[in-house]
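So the structure is just underneath, and the comments pick up after that.
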């Protein structure tokens with residue numbers, strides 16, 4: 001009887017020893033480990049594919065340099081932004097083509113304060129034309145429509161000025177009408193104003209600036225801000241002290 005019990009116990013122990021081991025304790029290189037490695041690799045591959053697809057659908061944010069370059073490119077602007085425009089200046093023009101150098105021409109279309117196309121280019125400045133018969137300016141000036149990419153705002157900070165905007169599927173450029181001295185001379189003695197008595201006064205011509213409301217880039221959004229542009233050439237006179 002005891003021999004039978006010993007035989008059964010030995011057979012039971014042999015059976016336990018010969019049973020397959022669990023996957024938690026499988027040594028490296030075993031088939032179970034290979035299956036786990038293959039599964040892990042497959043999951044990693046799927047994760048990489050998903051990451052690539054996500055990057056394609058949601059590209060990484062652009063660098064500051066790229067944003068600055070893009071800010072002067074063709075940007076789609078919400079028409080409602082022009083409804084919020086105040087303090088409109090005749091020196092700021094949105095045009096689909098270069099404005100004429102002569103202010104007498106009326107062929108350029110631009111966006112006005114009412115979000116409509118307007119052909120009245122600087123009409124107010126034509127009310128007092130300058131005649132060439134015996135009339136001369138104290139300082140010679142030159143005016144032209146220019147494109148600005150950067151400017152100084154009213155707070156003294158450099159800002160990025162929008163050049164091209166896309167409104168209603170049409171591209172407009174932002175122009176600024178600037179006036180400056182024709183031949184600015186840093187030496188006041190050599191840039192006397194015309195018609196000023198040099199025996200009593202020291203005089204010189206200088207370019208003055210003012211602020212106009214322009215469309216600029218602030219981060220990733222377009223916004224209206226006051227920027228500084230050249231607007232006139234004026235004469236500065238200083239009384240000579242020797243006469244007192």
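Using N, Cα and C of the backbone, Cβ positions are placed for all residues, glycine too.
What Swiss-Prot lists as compositional bias 'Basic and acidic residues' is 47-66. Sequence annotations record features per position, and here Swiss-Prot assigns disulfide bond to 139-205, 181-233, 193-235 based on similarity to another entry. The feature region 'Disordered' is assigned by Swiss-Prot to 47-67. Taken from Swiss-Prot, the feature signal peptide applies to 1-18, supported by sequence analysis.
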Inter-residue Cα distance where the pair is residue 139 (disulfide bond) and residue 233 (disulfide bond), in Å:
6
Neighbour count (Cβ, 10 Å) for residue 139 (disulfide bond):
23
Whole-number Å value for how far residue 235 (disulfide bond) lies from residue 205 (disulfide bond) (Cα to Cα):
5
So if I measure Cβ to Cβ from residue 181 (disulfide bond) and keep only same-chain residues at least 6 apart in sequence, which ones fall under 8 Å?
139, 140, 141, 142, 205, 206, 207, 233
